[in-house]
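What TrEMBL says about this one:
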type     : residues : note
REGION   : 13-99    : region 'Disordered'
COMPBIAS : 35-44    : compositional bias 'Basic residues'
COMPBIAS : 45-57    : compositional bias 'Basic and acidic residues'
Amino acid sequence: MWLLDDVAVTRPGAIGRPRERLDSLSADKAYSSRGNRRSLRARRIPHDIPVKDDQKANRARRGSRGGRPPTFRPHRYRQHNTNERLMNRRKQFRAVATR
């Protein structure tokens, strides 16, 4: 996920080097690829990404060789919708540019 390379979170009090790791990440099913999950695990970023239906079917078809399904916390993913609506509302307000 190339966008994560540009993340810099300032520390409280602005003392010290900015953090480069997010506390957690919620994303849509479009980001549920093996490569995206691997890069998030390598950065030690907890993530909540629902699994696509075809990925579930392929894992079930392979049986025990399909591997363990990735963890998914629905209660954390519900906050994703709230954040999306907040950002969309800000984008509708023309005085604030988010691009």
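Cβ from N, Cα, C; glycine included.
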(request) Please spell out the DSSP helix, strand and coil residue counts for the compositional bias 'Basic and acidic residues' (45-57). (result) 5 helix, 2 strand, 6 coil
(request) Helix, strand, coil: count each for the residues of the compositional bias 'Basic residues' (35-44), based on DSSP. (result) 8 helix, 0 strand, 2 coil
